[in-house]
């Protein structure tokens, strides 16, 4: 097992652990502190890593259609999301904490209604073309069911309308032959799993494992109702202190906060993934997989793949605007860390739910082929210099809904075997 032995965390780790511990009580303080210490591990020169890969893992059934261990083995089957019927989520506290101030008026005005129709029409056409290109590259493409996301629903704890089934990466995580259904953290995404259930049942009937993580109530106690955000500086300070809009009231996580590299899976504590959710995943995947907490200088952490995108064995894209606090862990293991160029997306292009760094949110078809935005010529050149050929597709309007190629997909089957890349 890969073990990271770390010194006591610095002031940030201690303050954050104390803060969360005071919220949770003594029951969870210990493992919250351990999680913070692990995120600080690589910053100390005395840290050491050791790996032991001698454990047995249950083999994947021969005819199982689900099998994926990393982000770069040859892609054979994928789920691609849908923009149809996508709705603006209501402007609740968790949505406010994850969006930029310049778009708050947009959410207040259109929450519960469709995203602009003409924009959606263009996004749908882009994703259809993306699916066609994937098929031409020999990849089997599956799609979620279309659903009316404008329907209002009510639970004993809240009421909301839905959002979309555009980003399967957010809700589904494939580990080996297991599909893990994430609990999510936005109320507007509570019933998003319904769009994928028919597909998952089909995979299950063919031999895949199917796990649904504990569904949160999403009661008011899951959110800091007084989360104080007025500026980017505020967000930097809060994130550095380990303060997020989601509390530790109950486990929650989005699958897109996890990224896979064989036996090692990396995750960030974010606005939508809390430490209880991370702990649930650690226990669920042990002992065959090792889940490591990493952190970044990011004022608004939500989904790891536009900040830290592992694209090959020993090769990772690391956002230069959001440096990883544990990057030495990767360098000491012999990994190559590549900083992608500044995105070229225009300032006036609407990005209601993300930053421009979707340019690095790419999908690897294998170690030598990558799907990249046709407009991002700088990152195309970067990949070509790395010896990776680019498959160019324009999804600018689809970007506006909050995702790049990695977000818009969930790889169901990649041709490869389980390996450790940190021995």
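Each residue, glycine too, has its Cβ placed from N, Cα and C.
Taken from TrEMBL, the feature active site covers 254 (among others). Within 10 Å of the C-beta of residue 254 (active site) there are 25 other C-beta atoms, taking all protein chains into account.
With a 10 A radius on its CB, residue 303 (active site) counts 27 other CB atoms from all the protein chains. Among the features that TrEMBL reports, active site is placed at 303 (among others).
The number of other Cβ atoms within 10 Å of the Cβ belonging to residue 407 (active site, amidino-cysteine intermediate), over all protein chains shown, comes to 26. Annotated active site, amidino-cysteine intermediate per TrEMBL: 407, in sequence order.
Each residue contributes its Cα atom, and for residue 303 (active site) and residue 254 (active site) these two points are 7 Å apart. Annotated pair residue 254 (active site) and residue 407 (active site, amidino-cysteine intermediate), C-alpha to C-alpha distance, rounded: 12 Å.
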